[in-house]
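**Student:** Before we start, here is the structure in question, set down as structure tokens.
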Amino acid sequence: MAMERTFVAIKPDGVQRGLVGEILGRFERKGFKLVGLKQVTPSRDLAGEHYGVHRERPFFAGLVDFITSGPVIAMVWEGDGVIASARKLIGATKPLDAEPGTIRGDLAVNIGRNVIHGSDGPDTAQFEINLWFSAEELNAWTPSDQSWRIES
């Protein structure tokens with residue numbers, strides 16, 4: 001059975017605040033498989049493509065400035081229902097609206113510094129994965145405990 005994949009990025013504020021391990025751990029404990037991981041300071045071109053849907057919005061320039069201000073941890077996670085589940089783990093875009101127990105609910109306060117990005121649907125996930133990763137950077141592998149996490 002082919003598993004779904006999603007793109008997740010820990011933004012510069014999450015990296016600077018030392019939250020990478022905490023965030024990775026939440027996805028791993030949930031049972032998702034990490035198939036792509038890299039640290040990169042995005043170029044303005046990459047940021048512009050990533051946030052292209054917001055190009056005409058007044059906050060676009062600030063978004064690009066912020067995401068290019070420092071290192072980002074770009075990840076691809078794989079698992080059954082990973083896109084929707086990742087969105088639940090991440091929490092509402094506005095941290096003050098995010099439920100306690102979510103990444104943003106526990107670790108963020110301000111919408112402009114909300115720590116993490118996650119794809120919002122299958123088409124977006126595929127676009128973002130292809131934008132940030134080459135096929136060679138993604139690893140197909142089988143965790144030794146897979147039968148304990150996923151019913152066949």
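Counting starts with 1 at the first residue shown.
The backbone N, Cα and C atoms fix where each Cβ goes, and this holds for glycine too.
Copied straight from Swiss-Prot:
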{"type": "ACT_SITE", "residues": "His117", "note": "active site, pros-phosphohistidine intermediate"}
{"type": "BINDING", "residues": "Lys11, Phe59, Arg87, Thr93, Arg104, Asn114", "note": "ATP binding site"}
**Student:** Using other CB atoms within 10 angstroms as the count, which residue among the binding-site residues Arg87, Arg104 scores least?
**Tutor:** Arg87
**Student:** Of all the binding-site residues given, Thr93, Asn114, which has the fewest Cβ neighbours within 10 Å once its own Cβ is left out?
**Tutor:** Thr93
**Student:** 10 Å Cβ neighbour count around Phe59 (ATP binding site)?
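**Tutor:** Around Phe59 (ATP binding site), other Cβ atoms within 10 Å: 12.
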**Student:** Let me know how many other Cβ atoms fall within 10 Å of the Cβ of the residue listed as 'active site, pros-phosphohistidine intermediate'.
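**Tutor:** The Cβ of the residue listed as 'active site, pros-phosphohistidine intermediate' has 20 Cβ neighbours within 10 Å.
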**Student:** In whole Å, note down how far the CA of His117 (active site, pros-phosphohistidine intermediate) lies from the CA of Phe59 (ATP binding site).
**Tutor:** 16
**Student:** Please give the greatest C-alpha separation between any two of the ATP-binding residues Lys11, Phe59, Arg87, Thr93, Arg104, Asn114, in angstrom, as a whole number.
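**Tutor:** Result: 22 Å between the two most distant Cα atoms.
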